[in-house]
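J.: According to Swiss-Prot, the record shows the following:
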- Ala11, Tyr12, Ser13, Gly14, Gly15, Leu16, Asp17, Thr18, Ser19, Ala38, Gly121: ATP binding site (BINDING)
- Tyr91, Ser96, Asn127, Arg131, Ser182, Ser191, Glu267, Tyr279: L-citrulline binding site (BINDING)
- Thr123, Asn127, Asp128: L-aspartate binding site (BINDING)
Amino acid sequence: MARDVKKVVLAYSGGLDTSVILKWLQTTYKCEVITFTADLGQGEELEPARKKAQLLGIKDENIFIEDVREEFVAEYVFPMFRANAVYEGLYLLGTSIARPLIAKKQIEIARKMGADAVSHGATGKGNDQVRFELGYYALEPEITVIAPWREWDLTSRTRLLEFAEQHQIPIAKDKRGEAPFSVDANLLHSSSEGKVLEDPAEDAPEYVYQRTISPEAAPDEPTIITIAFDKGDAVAINGEALSPATLLTKLNELGKANGIGRLDLVENRFVGMKSRGVYETPGGTILLAAHRGIESITLDRGAAHLKDELMPRYAELIYNGFWFSPEREMLQAAIDHSQAYVTGEVTVKLYKGNTTVIGRKSPYSLYNQELVTFEEGAVAYDHRDAAGFIKLNALRLRTLGSRARKISE
């Protein structure tokens, strides 16, 4: 039984699935549909989404298309990279970090337009349904959420196509067959899942990779770049100041040309199952290496190690959809505080899939060459001081060793 809904804001891509959802909302809920399409840097022309929505009966004033690339990178990607966040040691969270922004924009439009519901196209098996809906409820606790994939009976590609034809929804010729895999993309990354990728024992076909050339085909000469940071955020490449989105776009181009950022992994979804994904994050891979490089000379050991302890929890919160939670905000405050002196330049070598930091400098560097040199310096390190340091740190180990020997006698 459909709930009483007057207006719904749909996260709309213009593709087959969300176009079917649009019409399904109209026919099932008899409600007014408002579409929101975000330009997150996915590399697609978005005007066709406007035309498709118009064709399906959406009024011009109910069609929202917004370029959110700068906001996405500055307010979501960069804060995450200050934490060096990776999920399960590998995944750079490219899909996860985009969902809170989409949810936020939908809620803003719902308030502006007086809508009482929001809707998304995430399936009932994946993480995205959780990410979207946790965002909705955090920002608008009483909002009605419609998740068509959990409600309708269009459970196969054939049924979707039949519904589309029944309701005169245009279908591109290349969309009539079963897609070999599903793709999600934004300025940070692209992800490919399903179908030909479902067997984790099988190598991903080369045609799956759209954002990077293979490392084997990359140039035989390395590319050397310098990235400047200011308080933990990248601000320039090779001396040229760039906006956040422009900088990430440039890093993507450099990474693509050098075969950088490919990742094939099996991850643990929040909903309980394991899934295999193929990810391409060329610019993000470079950015992470460079950020860790500048932190290596500007962060105190205790702060650096604490950050590394906090990072897995922070990454898990983002992966699971808790961007708007108080615990994520608490961790963010600590992480941001740690970046006060993370300013300087990092030189990186890009070569056949590898990202190597080869130089780093900062006006706030904690690296003291006179302390680490093997030569005698003005600030000499007295080697004899180490004896007492070792003796004190060995005290508990010697005590434990003595007990173990007594027990064994």
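Cβ from N, Cα, C; glycine included.
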J.: Compare the C-alpha of Thr123 (L-aspartate binding site) with the C-alpha of each of the binding-site residues Ser13, Gly15, Ser182, Ser191, and give the closest one.
T.: Ser182
J.: Just how many other Cβ atoms lie inside 10 Å of the Cβ on Asp128 (L-aspartate binding site)?
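T.: I count 20 other Cβ atoms within 10 Å of it.
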J.: Specify the secondary structure state of Ser182 (L-citrulline binding site) as given by DSSP, simplified to three classes.
T.: strand
J.: How many whole Å apart are the CA atoms of Gly15 (ATP binding site) and Glu267 (L-citrulline binding site)?
T.: 27
J.: Roughly how many Å lie between the Cα atoms of Ala11 (ATP binding site) and Ser96 (L-citrulline binding site), rounded to a whole value?
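T.: If we compare the Cα positions of Ala11 (ATP binding site) and Ser96 (L-citrulline binding site), the gap is 15 Å.
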J.: Let me know the most crowded of the binding-site residues, choosing from Tyr91, Tyr279 and counting other Cβ atoms within 10 Å.
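T.: Buried the deepest by this measure is Tyr279.
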J.: Which of Gly15, Gly121 has the fewest nearby Cβ atoms, counting only those within 10 Å, among these binding-site residues?
T.: Gly15
J.: Quick check on the binding-site residues Ser13, Ser96, Asn127, Ser182: which one has the highest count of other Cβ atoms within 10 Å of its Cβ?
T.: Ser96
J.: Within the chain of Ser19 (ATP binding site), which residues six or more apart in sequence place their C-beta under 8 angstroms from its C-beta?
T.: Tyr12, Lys52, Leu56, Ala164, Ile169, Pro170
J.: Which one is closest to Arg131 (L-citrulline binding site) in space, judged by CA to CA distance, out of the binding-site residues Ser13, Asp17, Gly121?
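T.: With Cα distances computed to Arg131 (L-citrulline binding site), the winner among Ser13, Asp17, Gly121 is Gly121.
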J.: If you count Cβ atoms within 10 Å of the Cβ of Thr123 (L-aspartate binding site), leaving out that atom itself, what do you get?
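T.: Result for Thr123 (L-aspartate binding site): 14 neighbouring Cβ atoms inside 10 Å.
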J.: Rounded to a whole angstrom, what is the C-alpha distance between Tyr91 (L-citrulline binding site) and Asp17 (ATP binding site)?
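T.: Per the Cα atoms, Tyr91 (L-citrulline binding site) and Asp17 (ATP binding site) stand 26 Å apart.
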J.: Report, in whole Å, the straight Cα-to-Cα distance of Asp128 (L-aspartate binding site) from Ser13 (ATP binding site).
T.: 15
J.: Three states by DSSP: which one describes Arg131 (L-citrulline binding site)?
T.: helix
